[in-house]
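Colleague: Below is the structure I would like to discuss, written out as structure tokens.
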């Protein structure tokens with residue numbers, strides 16, 4: 001009996017050793033001179049799972065495979081919601097694909113901290129041939145500790161999209177201040193139309209509103225200090241003020257607490273169907289809100305940045321958004337091939353395809369956005385991004401996961417009316433303290 | 001013949017019967033209507049789904065069903081494969097185990113019985129975190145084998161429990177007679193016991209198919225390539241990827257539910273018979 | 001019952017003549033007994049490796065903090081359990097799982113029992129089979145499908161529930177069912193009852209069929225009405241099934257995952273979080289495997305407890321072989 005117990009322990013120990021054995025790989029640095037071997041399989045995790053976007057990578061993969069018959073590109077296409085959980089599951093099980101999607105900020109930083117991403121400085125850093133093809137701000141968004149880790153694919157920022165016919169019918173003009181917008185909402189409501197459709201079942205929706213409002217109400221240096229759990233204070237009055245402004249928008253412009261039961265996709269559909277006057281969206285959703293197939297036609301679609309409140313203490317020229325891009329896994333067995341595929345994806349010709357409808361993802365490649373082919377709204381949005389004085393990253397990817405989770409769930413409670421603005425800030429502060 | 005058969009004479013018994021039937025019918029409508037609504041939704045246009053949720057489809061075009069089929073067929077193949085292999089494996093392994101537990105003189109039998117059947121109490125949720133690492137180090141992560149092995153391992157205890165209970169109730173004269181004739185245990189198992197156990201084995205097959213076809217937790221965590229994912233996971237990703245093209249989602253849901261409902265109706269007589277006889281009284 | 005003794009005897013005899021013809025007489029029984037293990041070997045390995053071992057390992061993981069990105073593991077002792085005690089969402093999840101269990105007992109055990117008695121009371125066998133099969137249909141369908149379906153049904157814009165309330169002039173009842181923290185979990189539980197009651201009804205009808213008809217005949221001779229028969233014959237004679245069903249239902253209620261994940265993902269504001277989804281959220285969304293494992297231990301404790309209850313219950317009723 002005793003002996004069998006011993007052997008059991010041995011087996012258990014052996015098995016757990018087996019499990020723990022697969023630790024993270026060492027920091028890998030990309031070698032620009034490495035020859036590309038057109039052999040084998042490259043796995044790519046994208047964020048283009050939506051039916052509308054999926055063909056982009058599918059077609060590129062087919063084209064690339066046709067050019068290089070020895071290569072197979074295996075796509076794992078997720079969407080905005082599922083990519084977060086999927087990425088973490090892949091990391092936890094040590095099976096990160098060769099090429100994977102990443103946001104900037106703390107999200108991307110996790111891969112660098114864990115030495116899971118290849119240092120791309122020699123191939124995409126300043127003064128490299130490839131690096132020069134991108135908008136500098138976009139490449140720089142993926143710099144961590146002075147090294148380049150990301151391949152930016154497109155630029156993104158949040159705007160209020162609106163239906164021009166509804167605004168015209170009610171005699172409304174584009175609001176200059178938050179107060180103007182709230183007044184416009186009252187008018188639209190009286191006409192029996194939902195002013196802003198919003199679906200907060202996926203709780204990042206309200207977090208996006210708040211992110212933009214925080215940029216308006218809280219000074220930039222305070223914000224950036226608070227993003228780091230080690231120095232976070234969350235003492236600025238701008239936090240509560242932003243929450244109160246969100247509350248005002250929720251009360252006067254939307255269905256209110258009911259938003260928590262509606263999916264963001266349904267809310268977007270309401271704008272497309274002409275049932276609501278506005279929907280707060282990313283530039284990469286413009287061609288989804290209004291297309292040849294929707295009731296709201298592209299020429300009827302307008303947009304403006306969420307207007308800043310009159311007495312904003314922060315930066316009224318700031319815009320919420322960030323470039324989004326891809327990293328190369330340090331565990332990849334064929335880094336040169338993975339890079340070659342991404343060079344293909346970010347070629348000027350393919351960038352133009354990405355910027356134009358039906359995709360409408362404004363490319364980060366210089367000259368990759370051809371206004372003649374693109375929706376006018378996307379072109380206009382790009383100009384606004386270029387003029388923005390500060391790009392505020394998404395609250396749920398720039399923060400530590402626990403702080404992000406606190407924002408997400410507490411803001412949902414706030415939208416539902418069960419907690420106060422002060423309580424939300426207190427919870428976030430507590431989460432930051434616990435994450436220290 | 002069952003319980004309370006009443007003679008339908010007099011006013012009150014008739015009223016009572018009428019009330020019972022109305023009740024059964026009402027429950028039936030509650031059960032069936034949502035499913036019908038789902039199936040009909042697949043025929044509607046997207047705007048009709050939004051504007052007239054109760055109306056019948058304007059046309060009976062199968063367009064949504066065809067495009068939904070293109071979307072789910074890959075997942076369907078994975079589901080079919082995983083379900084088929086894990087069903088065969090589970091039932092064979094369990095039947096052998098049940099035979100061993102009821103008809104042989106293995107050492108430490110009570111302990112082994114408790115060990116195998118005790119597995120019924122352990123929930124997949126608890127094993128989730130360690131399994132991620134384990135399957136990865138075994139190189140099974142994101143393969144059909146991951147699901148096949150897990151579905152088998154987690155269902156063997158319950159299936160063994162059912163088959164064992166059935167075998168315990170089988171008369172022993174037949175296998176004793178065969179033994180006298182010099183049949184080996186393997187022969188007795190194949191020629192006598194297994195055929196006798198057919199009803200419970202059919203029930204176990206059906207129960208396992210229901211389980212494997214519908215399982216979500218393991219499938220969601222241990223697979224990620226579309227070529228490996230099964231229907232339940234494929235459906236949720238379809239749902240989020242199709243944005244608001246709900247008509248297609250409805251069609252896809254209907255398509256994924258249909259095979260299992262058909263299987264149930266085809267086998268329900270044997271299924272119920274096996275359970276009836278298997279339930280140790 | 002003396003079944004176990006019988007098995008033992010026949011088992012020994014069974015191994016005897018077939019095996020080890022040339023060996024010494026003493027070695028033979030032992031060898032054949034060991035050889036009998038081959039019948040169960042695969043099951044033992046599979047269950048031991050993939051069911052038991054992870055559950056043991058889960059406890060070890062729960063005493064660590066792991067960073068999935070760096071692969072760093074730190075021993076933290078019982079810290080995760082301390083955190084568990086202070087986590088309000090764990091309390092909420094336990095409450096939700098508990099509500100799931102209680103409501104499921106009401107609908108899937110007691111209501112299903114009554115329904116089964118009514119169905120079995122029908123005189124036409126064809127109709128009995130018909131209703132039984134019809135009610136079972138939702139149970140055959142994947143929870144992903146039914147979850148998504150009810151997600152649509154509860155939607156304010158396209159859902160038929162609010163439409164139905166409007167048609168019945170009960171508009172003031174209409175509600176964003178899944179968006180209100182007060183109702184979200186109950187809306188999910190309601191779906192679960194819709195899906196699950198047919199399965200237990202089916203099992204109860206099987207149990208009722210096993211009751212000898214003579215008992216009812218005798219009761220009728222004594223002038224007992226249908227309700228009286230239900231109470232004094234059907235109910236006591238299906239008690240074993242009832243007990244089993246309660247335990248199965250409770251265990252199931254603490255393993256709920258799929259429907260919550262599909263319908264609300266635990267929101268709004270974690271109000272519909274159950275242990276399973278909270279474990280997933282912590283482990284796979286918040287990068288906290290150690291804490292997730294600790295939540296797993298809670299699930300383990302609860303299911304183990306009901307498991308032991310089940311064992312005790314069946315032991316008491318009938319001797320297991």
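Quick reminder: no glycine exception, Cβ is built from N, Cα and C everywhere.
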Colleague: Can you dig out which of the ranges C:71-91, C:134-154, C:155-175 TrEMBL describes as transmembrane segment?
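Modeller: Range annotated as transmembrane segment by TrEMBL: C:134-154.
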Colleague: Are there 3 or more C-beta pairs under 8 Å linking the transmembrane segment (C:99-122) with the transmembrane segment (C:184-209), counting only pairs at least 6 apart in sequence?
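Modeller: By the criterion, they touch.
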Colleague: Near the transmembrane segment (C:289-313), which residues from the same chain, at least 6 beyond its ends, have a CB less than 8 A from one of its CBs?
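Modeller: Tertiary neighbours of the transmembrane segment (C:289-313) are 55, 58-59, 61-66, 68, 76, 80-81, 83-84, 90, 94, 97, 243-244, 247, 250-251, 254-255, 275-276, 278-280, 282-283.
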Colleague: Which residues of the chain, 6 or more past the ends of the transmembrane segment (C:230-254), have a CB below 8 A from one of its CBs?
Modeller: 97-98, 100-101, 104-105, 108-109, 112-113, 117, 200, 203-204, 207-208, 210-211, 215-216, 219, 224, 275, 299, 302-303, 306-307, 309-310, 313-314, 317-318
